[in-house]
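Here's what Swiss-Prot has on this protein:
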{"type": "DOMAIN", "residues": "125-219", "note": "domain 'Rhodanese'"}
{"type": "ACT_SITE", "residues": "C179", "note": "active site, cysteine persulfide intermediate"}
Amino acid sequence: MSNLPFTVAALYCFAPLPQYESLREPLAQLCCANGIKGTLLLAAEGINGTVAGSAGAIEKLIAHITAIPGLGEPELKYSHASEMPFHRMKVRLKREIVTMGVEGIDPLKSVGTYIAPKDWNALIADENTVVVDKRNDYEYAIGTFEGAIDPQTRTFREFPEWVKQNRDRLEGKKIAMFCTGGIRCEKATAFVKGLGFDDVYHLKGGILKYLEEVPREQSMWNGECFVFDERVAVGHGLAESDVELCRACRRPLTPQDKLSQFFEEGVSCAGCYAERTPEDRARYAERQKQVKLAEKRGANKHIGS
């Protein structure tokens, strides 16, 4: 039981939701009435999101979601935060709850074999296993599993093309995929199986469940796990980390990254310095100055973030 004040719930569920548009307003009202912040995505294929609030408020929300006709029990990962990790509450209607951009991919019909965190090490240590990090390049940069391939994708939409271009690396192998909470692997494994690969596996509950359940001394995870909120990243035991965001490009930065000559708080980092013009950096510097002034006044410290 954590003594941190905010409970963070990452959830998803694939299920036919033809009535998804009508679910938006009740969810938004419940969240706002109970001080919950974060993002929930609704689509005809299900629900996905990460939210934070008091333990009691999150319990109410999960009960509401579970009671939605046709939805069933969502895949859930809980963690905790010392501060509210979101700025506002958003409930959005989408075409997909995780955007791959490939028509006809349905994890309810075909999906990879789930591997529990306690069994994951044995699978990825097998010399006949290819381990694929299903996340984006900036996520891979601060942490991944031993021996994992980085597809060097900036978005999930790029993954299908990577698979097609790298079939020879996957042929005749066990294919083990992982992502933050599991949802990207639902579609990724369904896609790969649709190409004719049979031995396709994914980490049940994702990295978050692995870091929660597998002791550090037994872990094959190196680094931190990027999360899409103001905590930026978590480590073993889902403890908050010292990774921060570059407010110019949203890349995660380790303490080592901040030693770069190209790092300036709120203005640039080594990853984005060459991508921005002097005018851009001047604009970011002015924004950062306003952030600092707001902090001194006790106003919202996330202005411009």
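Just so you know, glycine gets a Cβ as well, placed from its N, Cα and C.
If you draw a 10 Å sphere around the CB of C179 (active site, cysteine persulfide intermediate), it holds 24 other CB atoms from the protein chains shown. Mean model confidence of the domain 'Rhodanese' (125-219) amounts to 97 (pLDDT, 0 to 100 scale).
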